[in-house]
Amino acid sequence: MRLQLIAIGTKMPDWVQTGFSDYLKRFPKDLPFDLTEIAAGKRGKNADIARILDKEGEQMLAAVAKGNRIVTLDIPGARWETPRLAQQLERWKQDGRDVSFLIGGPEGLAPACKAGAEQSWSLSPLTLPHPLVRVLVAESLYRAWSITTNHPYHRE
């Protein structure tokens, strides 16, 4: 199984790059984790946000390999505590399909992305900045992996 993070935005602050890269390199070779960045649509004063979201959504879905499980990151999604996420990760491994996690831009995800998802995951009831979500997802998935392998990273 491979994990893929598909996120809107290509120019992230250094702290995002550093934090995400730190967790990315920790993943074992048998659980590769890749990042696919989608350029954000230009948002000006009179921008058609619905059209921008639709275009971003098309690009995100085009980046998902056929057969992948799609999991959106969205406030109304399921709130998984860490042990539950570890169980979820094990189920995904047993399913054998790759998993693509979708993180929207400033206005969230396109309706087509939400409609195409098999699952939706909420990190918090708070609205989080989309760059921060990248780091939180990477850390959460790494922690879940550490639980499934009895790695000492996670402590109760």
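Keep in mind that glycine also has a Cβ here, set from the backbone N, Cα and C atoms.
Within the same chain, the residues at least 6 positions away from Leu128 (S-adenosyl-L-methionine binding site) whose Cβ sits under 8 Å from its Cβ are Leu136, listed in sequence order. Per Swiss-Prot, the feature S-adenosyl-L-methionine binding site maps to Leu73, Gly104, Leu123, Ser124, Pro125, Leu126, Thr127, Leu128; the stated evidence is sequence analysis.
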Does DSSP put Leu73 (S-adenosyl-L-methionine binding site) in a helix, in a strand, or in coil? strand
Just report the maximum Cα pair distance in Å for the recorded S-adenosyl-L-methionine binders Leu73, Gly104, Leu123, Ser124, Pro125, Leu126, Thr127, Leu128, no decimals. 16
Counting other CB atoms within 10 A of each CB, which of the binding-site residues Gly104, Pro125 comes out lowest? Pro125
Out of Leu73, Leu123, Leu126, give me whichever of these binding-site residues has the highest number of other Cβ atoms within 10 Å. Leu73
